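Data first, discussion second: the structure below is written as structure tokens.
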Amino acid sequence: MQTPAPTNPSPQIGVVMGSSSDWETMKQAAEILTEFGVAFEARVVSAHRMPDEMFAYAEAASARGLKAIIAGAGGAAHLPGMLAAKTTVPVLGVPVASRHLQGVDSLHSIVQMPKGIPVATFAIGNAGAANAALFAVAMLATGDAGLLAKLDAFRARQTAVAQAMTEELR
Ligand code: RP5
């Protein structure tokens with residue numbers, strides 16, 4: 001479950017997570033960003049094991065040109081909220097399913113931000129990671145007609161797949 005090296009020299013999106021064990025979930029976001037041709041980096045930035053690196057990452061995010069940070073964590077998942085506390089770059093939080101409470105703990109930790117520091121919170125697990133990436137694509141697409149066309153085509157393919165489902169019932 002190795003995360004890819006952060007090789008992209010000018011990423012638009014940061015995909016960060018509390019542990020390499022989160023990668024199985026967070027790679028869903030990476031796959032969407034790759035599909036849309038959005039430059040991203042993927043890193044482990046553990047809130048409780050690497051707090052100084054976490055703050056440094058958040059503090060540098062804007063100047064590095066990041067347009068959004070997709071942050072996934074499990075358990076007492078303080079990574080998205082603490083990143084958001086240190087940057088105005090939008091933080092999209094992904095609750096990773098945890099061993100004992102199946103990610104309900106992660107969801108509550110991420111979604112219940114006190115007023116003033118928002119974290120956009122997505123579904124627990126793979127759907128949340130993929131949707132966070134699609135949301136980031138939608139944000140970037142507001143200023144990028146080419147990306148918007150790709151997003152429209154993605155939606156149209158989903159519609160076609162759903163429309164074909166009735167045939168599967170026969
Ligand atoms: C959190 O603790 C991580 O985000 C992960 O979801 C969870 C377990 O981490 P590991 O024990 O697998 O490193 O910090």
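Cβ coordinates come from backbone N, Cα and C, glycine included.
Here TrEMBL flags 11-162 as domain 'PurE'. The substrate binding site annotation in TrEMBL covers Ser19, Asp22, Arg49.
Mapped onto this structure are the features recorded in TrEMBL.
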residue: Ser19; record: substrate binding site; CB count, 10 Å: 18
residue: Asp22; record: substrate binding site; CB count, 10 Å: 27
residue: Arg49; record: substrate binding site; CB count, 10 Å: 11
For this session: Starting from the Cβ centroid of Ser19, Asp22, Arg49, which together make up the recorded substrate site, report each further residue of the same chain whose Cβ lies within 8 Å of that point, ordered by sequence.
Result: Met17, Gly18, Ser20, Ser21, Val44, Ser46, Ala73, Gly74
Problem set entry | Diameter of the substrate binding set by C-alpha atoms, the set being Ser19, Asp22, Arg49, in angstrom | 15
For this session: Name the secondary structure element type, per DSSP in three states, that contains Asp22 (substrate binding site).
Result: helix
Exercise. Any idea what the model's mean pLDDT is for the domain 'PurE' (11-162)?
Worked result: 98
Problem set entry | Where Arg49 (substrate binding site) sits in the secondary structure, as DSSP reduces it to three classes | coil
